[in-house]
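Q: This is the structure, below, for whatever I ask next.
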Amino acid sequence: QVDAVRVYVNSSSENLRYPVLFVVRQQKGVLSWQVPLIFRGLYQRTYNYQEVSRTLCPSEPTPETRPSDQIIFVDVASMAPFNIAYELLVTRLENFQLETNKAFNFTASPSQPQYFLYKFPQDVDSVIINVVSDAAYPCSVVSVQDIVCPVYDLDHNVEFNGVYQSMTKQAAITVQRKDFPGEQFFVVFVIKPEDYACGGSVPSSIHGNVNRTWNLQRTKNLQVTIVPSIKKSVYVQAMFFSFLSFLSFYLGSVVVAFVHYIRVQRKASAGILSPEHGSGMMTSSHPISASTPEGSSYGAIDESSSSGGRQLSSPERRPPAGSDTDSSVEEESDFDTMPEIESDKNIIRTKVFLYLSDLSRKDRRIVSKKYKIYFWNIITIAVFYALPVIQLVITYQTVVNVTGNQDICYYNFLCAHPLGVLSAFNNILSNVGHMMLGFLFLLIVLRRDILHRRAMEMKDIYTLDYGIPKHFGLFYAMGIALMMEGVLSACYHVCPNYSNFQFDTSFMYMIAGLCMLKLYQTRHPDINASAYSAYASFAVVISLAVLGVVFGKNDMWFWVIFSMIHVLASLALSTQIYYMGRFKIDGPDSDLGIFRRAVMVLYTDCIQQCSRPMYMDRMVLLIVGNGVNWSFAIFGLVYRPRDFASYILGIFICNLLLYLAFYIIMKLRSSEKLLPIPMFCIVATAVVWAAALYFFFQTLSSWEETPAESREKNRPCILLGFFDDHDVWHFLSAAALFFSFLVLLTLDDDLDTVRRDKIPVF
């Protein structure tokens, strides 16, 4: 048992010009202070304490010298020209050494800090120091320091050594045996003279009063408990669980692919293979005739009579499959092979009833190349984005490890398991699902792409007009985005804080945007946005998210500007969607022609046809969509939510869910079917997203608050003693995104045997 001595001094003098000086000399150190003891706060405020109590650095006797006496000299001096009364009391601490799994209660104040000794038991390699208090204030600091004298236990020097974190009601520090060669350490508790560091305010009553004493006003009752942390075997179990959980998705995909292969072989042997399954054989259920029954292609433009003058068998219309390469010599202008006759486009795209054949008139090979730009561009973006991110978070982690300042990173300290230089390995490991499932989705898309290419090579040239046009570029981009979300989320959780929040959200915006683009591209392959404009739009959104976090807390002007941008962007996009990209505000050379055109369109399309719009389905979708977006804009303007990044993400997700619901409803309304696989994926998506969002809203930390306030939200692990609620969110959100992607990939598989002039556009 280590003996420790505590010295208490008190002086009734409040004369700052002639303080009483106390110097304690020990065998290996000197400790000194003055009474009144002065602490400096914000804006040079001073706080004076006449009662001071300090624990002397203990000297543990060696086996050769036991028993030994500690010789201590206490020198008292003052330059005052008059006598000053003081009180000196030296006591021996009975409970200086903390025990494992045993709570210990004590009281501390700014002038009476406390520290205690802890020794690692033989079978414990890591412990968690849990400190709790019933009162949030006064603000305090918990520090872990090596057995070195002097011990830094005052507000102005507690940050000079060891690991430390500020505290209101709760603090937790994980300590590993390997970091302390002597297998023991001091736990230091310091009360700060002011609360601003913990989110509190400076008392207004002390302005201009520099001589007020604070002996009794800032005491805090604390309870410390040191418990063993997890063993190395738990790390191994957690890693096995993480990888095996998502490897099961690979196994399930192999099983589904094998079952599909068996069914295809059986159909091939029976001679009833559908066009998309890679055979040239056709049955009577897929007739190809020059004419169709009256009304069967209602509203569609006849292929041979269109102004483009295309013939199905022309070389320009159907190039050989082998020529579908990824040559980069084509420019963007080469992609639009539809004849540039504005009247032709206006006639086709502004019909009341549109079919897929009307919006898939461009050359398949060139359009496919256009969508592959999404894939190559997102790889470029990912590389240039990820490299500086990785470098920055490594720097953050290095600063945390070198300085010991655990207020830099906003972890869930009650469930932060270090590994190597990483402070919270569990938060990084839980992102493996995004990377593994993103790669699996790429493999699934690649398989579909290969099967489609083979089918194109084998079957009759006329069967190319069946089903949804197969362009896989956006799917590849979605897979890369899912993998990068895992990488950047892991980087963010190396040291989550205010400065790097966008690492965790940037690719979330891109995933939501790519999903909406893919859903729109399905039945509008010729008029979807280009990769350049899409990624430029994502860049604008990410820039707005950064500005919102910086200015959105208190500045009303930002919310006014953002709400206006949001509403105007919704109206502009709605106009383009409603008119299939054929809306143009043009007129005479004068600027007044623009406004005249706008007023005319508003009168003819909105007022005259208010009771029965020309495109009813699109109008219903856009009215609901604008209502949702305007509601978001009004909500943001009125309430100004603090978490602006999540607010933006909520806008994206709500728009995506609204469009997906509209698409599925219209699909069923058009007498189309949902096959078992997409139906299973839809149900799985809904269930997993619901579970994931439950864990997402279990807030465990918040970089919008001070580090001490954020730690009040910390909770223990809930899965395997290794993962917390946010880790479970990572697992479930990865699975939910994967199923969501599969919904988009398989939703229209039922149309593979349907002619495109029978597939409606909505």
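In case you wondered, yes, glycine gets a Cβ from its N, Cα and C as well.
TrEMBL entries are annotated by machine, without manual review.
Quick paste of what TrEMBL says about this protein:
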type	residues	note
COMPBIAS	281-295	compositional bias 'Polar residues'
COMPBIAS	304-314	compositional bias 'Low complexity'
COMPBIAS	327-337	compositional bias 'Acidic residues'
REGION	275-337	region 'Disordered'
TRANSMEM	234-259	transmembrane segment
TRANSMEM	374-394	transmembrane segment
TRANSMEM	428-446	transmembrane segment
TRANSMEM	474-495	transmembrane segment
TRANSMEM	501-520	transmembrane segment
TRANSMEM	532-551	transmembrane segment
TRANSMEM	557-579	transmembrane segment
TRANSMEM	619-638	transmembrane segment
TRANSMEM	644-665	transmembrane segment
TRANSMEM	677-697	transmembrane segment
TRANSMEM	728-747	transmembrane segment
Q: What else in the chain is close to the transmembrane segment (619-638), if you only count residues 6 or more beyond its ends and a Cβ gap under 8 Å?
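A: Same-chain residues near the transmembrane segment (619-638) but 6 or more away: 559-560, 562-563, 566-567, 570-571, 574, 577-578, 613, 647, 650-651, 654-655, 658-659, 662.
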Q: Per the definition of 3+ C-beta pairs under 8 A with sequence separation of 6 or more, do the transmembrane segment (374-394) and the transmembrane segment (677-697) touch?
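A: Stretch pair does not touch.
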Q: Can you say which of 428-446, 532-551, 728-747 has the most Cβ pairs under 8 Å with the transmembrane segment (644-665)?
A: 532-551
Q: Can you tell me which of 234-259, 501-520, 532-551, 728-747 gets the most C-beta pairs within less than 8 Å of the transmembrane segment (428-446)?
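A: Checked against 234-259, 501-520, 532-551, 728-747; highest Cβ contact count belongs to 728-747.
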Q: Let me spell it out: take the transmembrane segment (677-697), skip the flanking residues so only those 6+ beyond its ends count, and list any with a Cβ under 8 Å from a Cβ in it.
A: 256, 664, 725-726, 728-729, 732-733, 735-736, 739-740, 742-743, 746-747, 749
Q: Are there residues at least six beyond either end of the transmembrane segment (532-551) with Cβ under 8 Å to its Cβ atoms? List them, or say none.
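A: Beyond its ends, the transmembrane segment (532-551) has Cβ neighbours at 332, 373-374, 377-378, 381, 498, 501-502, 505-506, 509-510, 513-514, 517, 558, 562, 565, 644-645, 647-648, 652.
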